[in-house]
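Quick look at what Swiss-Prot lists:
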- Asp17, Lys39, 66-75, Thr121, Arg182, Gln191, 211-212: substrate binding site (BINDING)
- Lys68: active site, proton donor (ACT_SITE)
Amino acid sequence: MAPVDIPDRDRLIVALDLPDLRVAEAMVDRLGDSVGFYKIGYQLAYAGGLPLARALVGAGKKVFVDLKLHDIGNTVARGVESLSHLGASFLTVHAYPQTMKAAVEARGSSKVKILAVTVLTSYDDRDLADAGYRFGVRDLVEARARQAQAIGVDGLVCSPEEAAHLRSIVGPEMDLVTPGIRPAGAAAGDQKRIMTPAKAIAAGASYLVVGRPVLDAPDPKAAADAIVAEIAAARGS
C-alpha cells in the first residue's frame with residue numbers, strides 16, 4: 001500500500017511544463033486552491049522558473065524540482081546543496097549508485113526528499129536494448145529500486161505499470177511517484193507506459209504527475225478537480 005497520510009489534493013502533482021515564467025504563474029493562478037503540488041522541470045527551470053519554486057513554497061504550495069541530476073558525485077552533491085535552499089519537497093536524480101549516494105549525503109539537514117528515476121516512462125524494452133542494456137524495463141527497474149532503497153533514497157519515480165511490483169519490493173515507506181498518468185480518453189502523447197489515476201493509486205502509487213491533461217484542458221481547474229476526485233474515489237476517501 002502507498003503511504004496513507006497524504007491528502008488527496010497533494011497526491012496530484014501538476015507538471016508546469018510551460019515555456020516561460022509568466023505563463024507558469026498564470027497557470028498557477030488559474031488552478032488556485034485545486035492544486036497544492038507543482039513540478040518544475042527542465043523547460044521552466046531553464047527559462048528562469050526556479051525563483052517560482054521559492055514563491056510557491058512561500059504561498060504554502062509544495063514543489064518538486066525535477067532536474068534528474070546525473071554527474072560525478074561531487075558535482076551532484078554541489079547541485080543538491082544549492083537546490084535544497086529552494087524549499088522543495090522533492091528533487092530527482094538518476095538511479096545510479098554514485099549519483100544517489102552523493103545526493104542523499106549532500107542534502108544534509110534539509111527536508112528535501114531525494115527521488116531516484118528508475119527508467120523513463122518513454123522507454124520500453126526495445127529502447128533499452130538499443131542503448132546497450134542487457135535488461136528489460138522490469139528487471140532494470142527492480143534492480144535500481146533495490147539499490148535506491150539500500151542507499152537511503154526516499155522514493156522512486158517509476159511508470160504506474162511498475163508501481164504494484166515495486167510496492168511489493170520496497171514496502172510501504174518509500175514514495176512512488178508516477179508520471180505517465182492519463183485520465184480516460186486523454187491522448188498518450190510520447191508516453192509508452194501509461195495508466196489512469198484510479199488504477200495508478202490502486203497499484204500503490206503515492207503521487208501522480210500530470211501535465212498536459214491539465215495544462216491543455218479547456219478548463220484546467222476542472223480537470224485538476226476531476227483527477228483529485230478520481231484519486232479520492234480510488235482511495236475510498
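Each Cβ is built from the backbone N, Cα and C atoms, and glycine gets one as well.
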Whole-number Å value for how far the residue listed as 'active site, proton donor' lies from Asp17 (substrate binding site) (Cα to Cα): 15
Cβ neighbours of Lys68 (active site, proton donor) where a neighbour is any other Cβ within 10 Å: 18
Protein Cβ atoms within 10 Å of Gly211 (substrate binding site), excluding its own: 19
